[in-house]
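Some notes on the structure that comes next.
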Amino acid sequence: MNKIHTLLYIPNLIGYFRICLLVLAWHYFDDPKENHCYFRICLLVLAWHYFDDPIVFLTFYVIQVLLDAVDGWTARYFNQVSKFGEFLDIVIDNIGRGILWTRIASIGIFITSIEWITFVALNNHGSDWKLKLSSSNDLIVRNALKNGFQTPFGFLIIVLGTHGLPIIMYMMKYRVIFEMSYLLLHIIHILCIIGRLFSFYCEIYVIFLFISEDLLK
């Protein structure tokens, strides 16, 4: 009974909702002129009409990304933090970014593979992996995890680099700029690339730590 109760935690329900948004987003990924089929999904409370526009994809995708922060807040507020919730949260993130990466860039399969390997490595460290890495001797990793990524440097890595770069690349590929100047878009693009490079550094550090301290003991 307790296991079923955990599955119905509010943050976990938000996670299921994010999955719905991901499914809907991928339905509208491509050029609207190529998408004429009907798609219906019924998961608990959600039923959407169809919009043949990349903006619809971005709307669904960005909302489910933002819900990543909401489900974390609700977990703490309602005292419903669980290992399943943490697992579900990261899996949704990786699936969403993974599909997006593989559709917008040839290097995407490499990036998403690194993210999944990092997930395995972090899972091996247990639920207190943030605490362990925040006391790391590596300056970049330590500053990245400072205050749970809630610093300007953490924002650069997580929000702009990890989450933002594939979104910006999608916008540039499909020319969805929301009346934004191309100069501003390219500046944001460069910041996202810098953030993703720092993120990649941290991922390689975690993977190296996992191999050297756990697999090669």
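Cβ atoms are placed via backbone N, Cα and C, with glycine included.
No curator has checked TrEMBL annotations; they are predicted automatically.
Here is what TrEMBL records for this protein:
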TRANSMEM  7-29  transmembrane segment
TRANSMEM  55-79  transmembrane segment
TRANSMEM  100-122  transmembrane segment
TRANSMEM  153-171  transmembrane segment
TRANSMEM  183-211  transmembrane segment
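Across the candidate stretches 55-79, 100-122, 183-211, the maximum count of CB pairs under 8 A to the transmembrane segment (153-171) is reached by 183-211. Counting residues 6+ beyond its ends, the transmembrane segment (183-211) has Cβ neighbours under 8 Å at 111, 114-115, 117-118, 120-122, 124-125, 133, 136, 138, 140-141, 144, 153, 156-162, 164-165, 168-169, 171-172, 177 in the same chain.
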